[in-house]
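Asks: Shown below is the structure under consideration.
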Amino acid sequence: MTQKTDHQRVLIVDFGSQVTQLIARRVREAGVYCEIHPFDKAEAIVDEYAPSAIILSGGPASVLEADSPRIGRKLFDLGLPLLAICYGQQLLCDVLSGKVEGGHAGEFGRAELTIGKDSPMFQGLAGVGGVETVWMSHGDRVTAIPEGFEVIGTSTGAPFAAIANDAKKIYALQFHPEVYHTVNGPAMYRNFLFNIAGLKGDWTMAAFRQEMVQKIRDQVGDGKVICGLSGGVDSSVAAVLIHEAIGDQLTCVFVDTGLLRKNEADQVVTLFRDHYNIPLVHVDAGDLFLGELAGVSDPETKRKTIGRLFIDVFDKEAAKIEGATFLAQGTLYPDVVESVSARGGPSAVIKSHHNVGGLPDYMKLKLVEPLRELFKDEVRALGVELGLAPAFVGRHPFPGPGLAIRIPGEITPEKVKVLQDADAIYLEEIRNAGLYDQIWQAFAVLLPVKTVGVMGDARTYENVLALRAVTSTDGMTADFFEFPWPVLGKTATRIINEVRGVNRVVYDVTSKPPGTIEWE
């Protein structure tokens, strides 16, 4: 289903690429609204969606396969500016009577694109004869281009690496300008959006805020809304936005599982009840959660237990709010996109999603999802627009099950206290060193391992604590953060001296893949 908006918008047709969302990110970063729709729905919704331009994504298939994802001529014949990427370029050539062949040496990784002709696609870049660093990932390649097209860029493995039909404003690239390895990829997208498609770039968080406040009022009317507040960025921004729209028709329910970071529950209550004056039900359920988790070591069982208990507690509190007919959720655009894959097939379950699930069907609450059009970075920008402190909206991601998945093995109140104290010291030292905003996520893990140590003149036998910090752009892949050694050294010394129960600190230098960011 498309979103109704008065903004100029771009339709991104998804053919199953793992980086389709990066295309949307690049378009949004340029201030242009866009949506991703699967290839088999694109022609049906294009009239309703009324895009100002179209982008065809890459994909893992081959246009030479009988069951490859395809579209007909309709999108090419609309007279709209169109940009085709990788598989999209090959499909364009196949549909418009060019030629695609397999069996050639593919290109995978960094490549050099030689610009062969002045083109609005490459305005402000290396110039004719100049070289741009791009990212290739293709096996098949175009060997003949459709009538009306000309070559504007070549590479060693792709003689038609960039082609154009200037009259029809249709451009096709064999490489991926959306990935950061393509050095001037963002500039290429801006060239397409502004120089070629003539868009204005009217997508801002200030405009979104104003429009969404009105949409919430129109949807809710005089109804009452319940919002499950976790203290995380998404639910917090959603709550503040909804409260701006409907005031005290919103009630937030904050379930303290006892598995939050140090002092986090108090901070949430202070911020929302005292600062924003949002009606807030604070449920201290720590004893319940820790009691149910006693003796549980399997990580999946932990997640499911926490999810079940959260729903039970939330359900009981929600039932006490008379007349509530709406449930607010902090659903983001990646959640919406991932629910409909281009190929329609299942993906392997690595582990249950961190965010605990929905409420029982019998509650029959209608959903209010004010953030469902936004990416995470846009949610943070909206939070600042709404007056939330940059330090709050810039906090690192925190999993729904909380510290439970940062304590491998059995969970006890004593272990939670040790981890809370150690984690707080770690994050404090990162902030003191001015490194917090350079890191995607940083946290401590209390291991189910004890080692021998010496403190004072006495032998100790206490816990090992692992420190984890990674850099990432989207959480899909991650590299370990390269700390200055003095920062790690000071952090380890403070933890061992100030947190009773830890006598050894180690640093995790595993990237993703092969590891995941969280340990469980």
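Even glycines carry a Cβ here, placed using N, Cα and C.
Remember, it's a predicted structure, so these values are computed and weren't measured experimentally.
Feature list, courtesy of Swiss-Prot:
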DOMAIN    9-202  domain 'Glutamine amidotransferase type-1'
ACT_SITE  C86  active site, nucleophile
ACT_SITE  H176  active site
ACT_SITE  E178  active site
DOMAIN    203-395  domain 'GMPS ATP-PPase'
BINDING   S230, G231, G232, V233, D234, S235, S236  ATP binding site
Asks: Can you tell me which of the binding-site residues S230, G232, V233, S235, S236 is spatially closest to E178 (active site)? Compare CA atoms only.
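Replies: Going through S230, G232, V233, S235, S236 one by one, the Cα closest to that of E178 (active site) is V233.
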Asks: Have a look at the recorded positions (C86, V233) and report the one with the fewest Cβ neighbours inside 10 Å.
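Replies: Among the recorded positions C86, V233, the sparsest Cβ neighbourhood within 10 Å belongs to V233.
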Asks: Taking the centroid of the Cβ atoms of S230, G231, G232, V233, D234, S235, S236 as the ATP site, which other residues of that chain lie with their Cβ within 8 Å of it, listed in sequence order?
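Replies: The surrounding set, listed in chain order, is L229, V237, A238, G330.
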Asks: According to DSSP, does S230 (ATP binding site) sit in a helix, a strand, or coil?
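Replies: For S230 (ATP binding site) - judged by DSSP and reduced to three states - the answer is coil.
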Asks: Below 8 Å Cβ to Cβ and six or more residues apart, same chain only. Which residues does that give for D234 (ATP binding site)?
Replies: G330, L332, L371, K376, V379
Asks: Cα within 10 Å of the residue listed as 'active site, nucleophile': which of the recorded positions H176, G231, G232 qualify?
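Replies: Those near the residue listed as 'active site, nucleophile' - Cα within 10 Å - are H176, in sequence order.
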Asks: State which of the following binding-site residues has the fewest other Cβ atoms within 10 Å around its Cβ: G231, G232.
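Replies: Checked G231, G232; of these binding-site residues, fewest Cβ neighbours within 10 Å: G232.
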Asks: Report, in whole Å, the straight Cα-to-Cα distance of H176 (active site) from S236 (ATP binding site).
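Replies: That separation, Cα to Cα, works out to 35 Å.
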Asks: Work out how many Å separate G231 (ATP binding site) and H176 (active site) at their Cα atoms, rounded off.
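Replies: With distance taken Cα to Cα, H176 (active site) is 37 Å from G231 (ATP binding site).
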Asks: Counting Cβ neighbours within 10 Å across all chains shown, tell me which of the binding-site residues S230, S235, S236 comes out on top.
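Replies: Of the binding-site residues S230, S235, S236, the most buried by Cβ count within 10 Å is S236.
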Asks: Expressed to the nearest Å, what is the distance separating S230 (ATP binding site) and H176 (active site) at their Cα atoms?
Replies: 37
Asks: Neighbour count, 10 Å Cβ-Cβ cut-off, for H176 (active site): what number do you get?
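Replies: Other Cβ atoms found within 10 Å: 22.
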